[in-house]
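Participant: The following block contains the structure, expressed as structure tokens.
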Amino acid sequence: MPYQYPALTPEQKKELSDIAHRIVAPGKGILAADESTGSIAKRLQSIGTENTEENRRFYRQLLLTADDRVNPCIGGVILFHETLYQKADDGRPFPQVIKSKGGVVGIKVDKGVVPLAGTNGETTTQGLDGLSERCAQYKKDGADFAKWRCVLKIGEHTPSALAIMENANVLARYASICQQNGIVPIVEPEILPDGDHDLKRCQYVTEKVLAAVYKALSDHHIYLEGTLLKPNMVTPGHACTQKFSHEEIVMATVTALRRTVPPAVTGITFLSGGQSEEEASINLNAINKCPLLKPWALTFSYGRALQASALKAWGGKKENLKAAQEEYVKRALANSLACQGKYTPSGQAGAAASESLFVSNHAY
């Protein structure tokens, strides 16, 4: 029988559980603003804006200083390393800005995906080296939760057993290191929407991946009440010719989660996976209205699905600040309602809100 050496004190556990609950309090979700310098370059390029440190700071400030209507909608914000140490125009560090609006500060801690030798183009995620020291420093600098993204692809022979096992293990090591440092880990095993697979295949793979992840978290003695899961919704591949209804997507998603995610997990914060802003809100709303028993908070951790319209409205011009913030507030309010199952699409979504945000082989 394995013997359990106490990994966390009752005080540490309470702190982690409290942080997780604050992030996914009713009506709240996460703004993922942790695009790496390379990823934000693509976003800025799409609006003809240069990728300078000042433009990145100004754009992040635009989101973080939106008016108080977003306060009841955003429980946490995930930042990239650079952004954690930037300041608003009034001199306040961004973590202070987030906390003043009732949000919890998060930080992306992985160092990106790398090829997994001996597989057909599959990957694992690097960044465990020195992670404990980085977490200790981030905690001092105001961060209370972290994110680590692993990526799996559906193909004829993928994901392989090796890729599933390796990524589950690396997520568990990351989660363990975070919890030792008082940081709530968001566990993100993203199954990419690339491919022509149907809904059933995605559901099957999602179940296998999540089962492996929670087995690894158990093996590594992770305190589940002090974690959040960031999964993909179960959807058909982008190249799948068969169309599936919102209801089918919802049933497949909730069923997969019910079969694999322990009720002890505090919250599930979905990634948008290249869905349009409107689609991401509609699906999240439908998931929350699903009549099956769902013991966790089911909310959002959206990047592009909260930012696309705001980015377009800003267009890199300072005079468009208010218009851009208005677009961001709109999406935040929509998703706040959606995570409570109270969202009714107005049918007036702008062009940007209905535009697919799919990028093949998406890397942060």
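For all residues, glycine too, the Cβ spot is worked out from N, Cα and C.
Sharing the features that Swiss-Prot gives for it:
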MOD_RES   Tyr5  phosphotyrosine
MOD_RES   Thr9  phosphothreonine
MOD_RES   Ser36  phosphoserine
MOD_RES   Lys42  N6-acetyllysine
CROSSLNK  Lys42  SUMO2 cross-link
CROSSLNK  Lys42  SUMO1 cross-link
BINDING   Arg43, Ser272, Gly273, Gly274, Ser301, Arg304  beta-D-fructose 1,6-bisphosphate binding site
MOD_RES   Lys99  N6-(2-hydroxyisobutyryl)lysine
MOD_RES   Lys108  N6-acetyllysine
MOD_RES   Lys111  N6-acetyllysine
MOD_RES   Lys111  N6-malonyllysine
MOD_RES   Lys147  N6-(2-hydroxyisobutyryl)lysine
ACT_SITE  Glu188  active site, proton acceptor
ACT_SITE  Lys230  active site, schiff-base intermediate with dihydroxyacetone-P
MOD_RES   Ser272  phosphoserine
MOD_RES   Lys312  N6-malonyllysine
MOD_RES   Lys330  N6-acetyllysine
Participant: How far is it from Tyr5 (phosphotyrosine) to Glu188 (active site, proton acceptor), counting Cα to Cα, in Å?
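Facilitator: Distance (Cα to Cα, whole Å): 27 Å.
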Participant: Report the largest Cα to Cα distance, in Å and rounded to a whole number, among the residues Arg43, Ser272, Gly273, Gly274, Ser301, Arg304 that the record lists as binding beta-D-fructose 1,6-bisphosphate.
Facilitator: 18
Participant: May I ask which of the recorded positions Lys42, Lys99, Lys108, Glu188 is closest to Arg304 (beta-D-fructose 1,6-bisphosphate binding site) if we compare their C-alpha atoms?
Facilitator: Lys42
Participant: A 10 Å Cβ contact count, applied to the recorded positions Thr9, Ser36, Ser272, Ser301: which residue has the minimum?
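Facilitator: Across Thr9, Ser36, Ser272, Ser301, these recorded positions, the one with fewest Cβ atoms within 10 Å is Thr9.
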Participant: Measure the Cβ-based neighbour count of Arg304 (beta-D-fructose 1,6-bisphosphate binding site), defined as the other Cβ atoms within 10 Å of its Cβ.
Facilitator: 24
Participant: Of the recorded positions listed here (Thr9, Ser36, Lys147, Lys230, Lys330), which is spatially closest to Gly273 (beta-D-fructose 1,6-bisphosphate binding site) when Cα positions are compared?
Facilitator: Lys230
Participant: Work out the three-state DSSP category of the residue listed as 'active site, proton acceptor'.
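Facilitator: Strand, per DSSP.
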